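Enquirer: What follows is a structure written as structure tokens; I'll ask about it next.
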Amino acid sequence: MRVFWMFRIIISLFIGVVIVALNFTNSWAEARMTTNATYKSFSNAVIQAEVGLHVGLYGINVTLRGNPIVQFNETINYNEMFSWHDIVEEEYEQALVKGLPNPILYIVEKFTLSSPCGMIFQYRQSGRFASATLWTAFCCWMLANILFSLPVVLYAGYMTMATAAFIFFSMASFSTIMNVPRCVFSIGEDSFVTEYSHSFWLALATGLLCTIVGIFVVMLNFLMPEKIKAAFSAGFDSCEVKDQSCREGYLNSVFLNGDINLPVTPKVTPECP
């Protein structure tokens, strides 16, 4: 029983933490490459660096790391975040004012409203719907944990499967970014396109785990309801368990009927000397 409770708590915490973390990670889709590119505008300096694009539900994260990291007496190690909630054009203008390297500016420009790729529209809407369904999955997970502590294990299994369903809905929503014409990012002589990354596959694994747990609980509830309820501490009264006898009790009929006449003891006042 202790081992069962340990696994139950670990699995429950794992599912909850993953659902919350997936909303804020920037690795739903990624692309990276190592290439030679122009470092800054109005300069002929060419650097060898690793360029990375990391797509999340709330924005993109662009990285640039030199190979080696120090070139032209500068440390080339950039990690810039651009959010969907803000106006991308304003963030792009701020990046121009800051003088960020050309590879970063080139990638961010692809997500502006004026870009012919039109990636910002699909990516922003997909991220919003995916985030909304993930938060709904988190609510279903919380409700499932509450139901597991009550004598309604069957409905807890249903809510666990509902959690899995909403996780799959979020994945389907994010997958719509692949329906738009895939814009190719060309930097220097190399190019790359985004592919599904760690967060997407982690969401898939979590959804499958919730599905397995939900189906397992529902099946056991129909096959052996007494044992599954006892396992989740939602068992019967001790008198209802098989192979266990209850001692007979005796009721005081006089007390129940109210026919109790307590003797009245007269109060004796002591005499004073």
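Yeah, the Cβs are placed from backbone N, Cα and C, and that goes for glycine too.
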Enquirer: For the record in TrEMBL, which of the ranges 131-155, 156-180 is the transmembrane segment one?
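Expert: Feature transmembrane segment in TrEMBL: residues 156-180.
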Enquirer: Are there residues at least 6 beyond the ends of the transmembrane segment (6-24) whose Cβ is under 8 Å from a Cβ of it, and what are they?
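Expert: 56-58, 131, 134-135, 137-138, 141-142, 145, 148, 163, 167, 170, 199, 202-203, 206, 209-210, 213.
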